[in-house]
Amino acid sequence: MSLRRIMVTAVRNLHPVTLLPSPRINILYGSNGSGKTSVLEAVHLLGLARSFRSTRLNPVIQYEQAACTVFGEVQLTEGGTSNLGVSRERQGEFTIRIDGQNARSAAQLAELLPLQLINPDSFRLLEGAPKIRRQFLDWGVFHVEPRFLPAWQRLQKALRQRNSWLRHGTLDPASQAAWDRELCLASAEIDEYRRNYIKALKPVFERTLSELVELDGLTLSYYRGWDKDRELQEVLASSLLRDQQMGHTQAGPQRADLRLRLAGNNAADILSRGQQKLVVCALRIAQGHLVSQARRGHCIYLVDDLPSELDDQHRRALCRLLEELRCQVFITCVDHELLREGWQTETPVALFHVEQGRITQTHDHRE
């Protein structure tokens, strides 16, 4: 799938605009602070109903405007189109529309418009808390395993019940045992989906990484959130007193993590920032390959400030891998000449100049 048309209104400093992007490569260039990243943010808002720059959406709404709106016409892989729209009012009301109907949740957007983000904060996937790596993992599982979302929802409900009981003691023993059983069943299902996903991801990641950088000995492993040699029911029983003292469940899928190690060390501790960026790029490109295999479609990649921290050799290697995915890519940079020549002649490339929030298409992929 790809975006055929994007309409943006009142997002940060951007002037109202309608974009007709290339189905493949789109380069947004201009000076720092011109609004390039805000275009990526608008697409991110359309696909996930949230910003990657702020946990709050009010700062995304343009000053003195009541609401921001993003509309997109999506070219579906199987043919036909779908119309998506998101609107956020300053007073807090959020509206998601899919083909003229109100959507039940942002998950419906994510399913229609799978997005991958690579930006200067991407190193947090390696350096940040386990929650960030779980989100990365679960994004991938969600897009290849349709049974994952209902299992994840059951897990969250069971966890809320158990944690409430741990803090307040509001459940009788029979009810508590029933919720523990539900938690264990959902946990086993989630763990199976995650293990299968990592098994499929690892060889694709290793192959992709080898085309970007030589890091012999880098390993990717999955920790499920409790002892691999014990059943979760046993772990929960043995840690019950400690869980009550802490007020929450300490073992389970909500504690899962991905571990990247190099020479026996946490990879984030010894890799340079440029190497970390390449590892994250390899992980996200590998996810794109799995989405393509499972859905017969493609991710859309948002790449903010691609040239930063990468020399010409690695920049070209990354462009080549993105091109081989045959997906739609939106890239920002200051100097478009660094990227303009990095593609095959038959690949449609569109150029957009961004200056003080105004976007001008300077090269049309259809020409």
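Sequential numbering from 1, following the chain as shown.
The backbone N, Cα and C atoms fix where each Cβ goes, glycine too.
As recorded in Swiss-Prot, the features of this protein are as follows:
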- GLY30, SER31, ASN32, GLY33, SER34, GLY35, LYS36, THR37: ATP binding site (BINDING)
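In this view, ASN32 (ATP binding site) is surrounded by 8 other Cβ atoms within 10 Å of its Cβ, with every protein chain counted. The binding-site residues in question are GLY33, GLY35, and the one with the fewest Cβ neighbours inside 10 Å is GLY33.
Cβ contacts within 10 Å of GLY30 (ATP binding site), excluding its own Cβ and spanning all protein chains shown: 22. Compared over the binding-site residues SER31, THR37, the count of CB atoms lying within 10 A of a residue's CB peaks at THR37. The secondary structure of LYS36 (ATP binding site), as reduced to three states from DSSP, is helical. Cβ neighbours within 10 Å of SER34 (ATP binding site), excluding its own Cβ and spanning all shown chains: 22.
Surrounding the centroid of the Cβ atoms of GLY30, SER31, ASN32, GLY33, SER34, GLY35, LYS36, THR37, where the record places ATP, the chain contributes additional residues within 8 Å, namely THR332, VAL334, VAL354, GLU355. Within 10 Å of the C-beta atom of LYS36 (ATP binding site) sit 27 other C-beta atoms, taking all shown protein chains into account.
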